[in-house]
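Here's what Swiss-Prot has on this protein:
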BINDING   GLY90, SER91, VAL92, ALA93, VAL94, GLY95, LYS96, SER97  ATP binding site
Amino acid sequence: MRDPINYNAFTREQWQQFSADATLPLTQESLRQIKAFNDRISLQDVQDIYIPLVHLVHLEFDHYRQLQRDKATFLKQPQQRVPFIIGIAGSVAVGKSTAARLLEVLLNHYFTDQRIQLITTDGFLYSNEELKKRNLMARKGFPESYDMTALIQFLNDVKAGKELIKAPVYSHKVYDIVPDQFDYIMHPDVLIVEGINTLQLPTNEQIYVSDFTDFSIYVDADPTLIESWFLERFELLLATAFQDPTNYYYPYAIGDHDEAIAKSKRVWRDIDLKNLEEYILPTRNRADMIIHKTFGHRIDRLLLRKY
């Protein structure tokens with residue numbers, strides 16, 4: 001991709017110098033538990049990429065807190081603790097979830113006196129039952145398949161300092177919202193919001209998810225690479241689903257393998273690639289930081305917004 005003029009671009013080697021002497025707080029085993037099962041992130045990636053990123057987030061967080069204090073003083077209002085929200089966007093299968101979980105772990109390590117929490121916007125998809133009623137099952141993941149009113153209200157409650165907020169839970173295992181199961185957000189200092197739509201501007205909304213984010217990251221890669229990771233992930237899902245009849249992927253796991261792979265290729269072509277090209281990729285240049293991946297999920301370049 002051609003570098004936008006409003007970003008500073010860094011090679012991996014340049015970026016790693018920004019925190020070259022920092023101590024790595026993870027082991028290989030703890031990293032294995034964090035990463036998605038087809039993501040090849042290494043301890044070296046954590047050292048080279050994520051440690052400097054956490055230090056940058058720390059600067060952004062400190063600046064944000066100071067601005068909140070100064071604004072309260074100017075308005076002669078009591079100072080309130082308003083959560084700092086980090087948005088992480090990008091295509092399916094590009095590694096957003098791993099990036100979000102890793103950032104959560106590292107922030108918990110370095111921000112020892114702050115509450116760090118993570119939420120995914122998948123929980124705000126309409127249930128499969130509701131999607132069928134709206135004739136939207138073939139559009140699952142597209143902007144109209146999300147309950148944006150509920151997501152915006154959730155983020156507003158977070159910023160407003162509501163003490164306990166419930167968020168619906170989505171399960172990739174059952175491919176649906178889990179009834180009567182919730183994640184609880186308890187007045188965090190930092191909330192990480194991960195999802196394909198964190199930078200989108202739906203045409204029927206007056207306020208957007210990005211209006212609530214204070215620092216945003218877009219995880220980027222060539223679509224042909226993302227497709228290979230998508231298909232690789234599908235193969236791994238089949239390998240883990242064949243012993244569990246409750247798993248959404250079970251029928252594909254025990255059925256004809258070639259037919260299952262052909263279906264996954266159609267899903268990528270007709271749904272996920274289309275969604276990427278029409279709705280996700282156009283949001284890339286709205287991010288504060290772009291993390292670019294190449295073969296093997298290796299991060300080779302980072303772009304940081306200048307202004």
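Cβ coordinates come from backbone N, Cα and C, glycine included.
Taking Cβ-Cβ distances under 8 Å and a sequence separation of 6 or more, the neighbours of SER91 (ATP binding site) in its chain are ILE196, VAL219, ALA221, PRO223, ILE226, ASP272, LEU276, ILE280, LEU281. The binding-site residues under consideration are GLY90, GLY95. Their Cβ neighbour counts within 10 Å are lowest for GLY95. Sorted by the number of other CB atoms within 10 A, the binding-site residues VAL92, ALA93, VAL94 start with VAL92, the lowest.
Sequence-ordered, the extra residues of this chain that approach the ATP site, with Cβ no more than 8 Å from the Cβ center of GLY90, SER91, VAL92, ALA93, VAL94, GLY95, LYS96, SER97, are ILE196, VAL219, ILE226, TRP229. In the three-state DSSP scheme, VAL92 (ATP binding site) falls into the coil class.
There are 23 other Cβ atoms within 10 Å of the Cβ belonging to SER97 (ATP binding site). Long-range Cβ contacts of LYS96 (ATP binding site) within its own chain (separation 6+, distance under 8 Å): ILE88, ALA89, GLY90, GLU194, GLY195, ILE196, VAL219.
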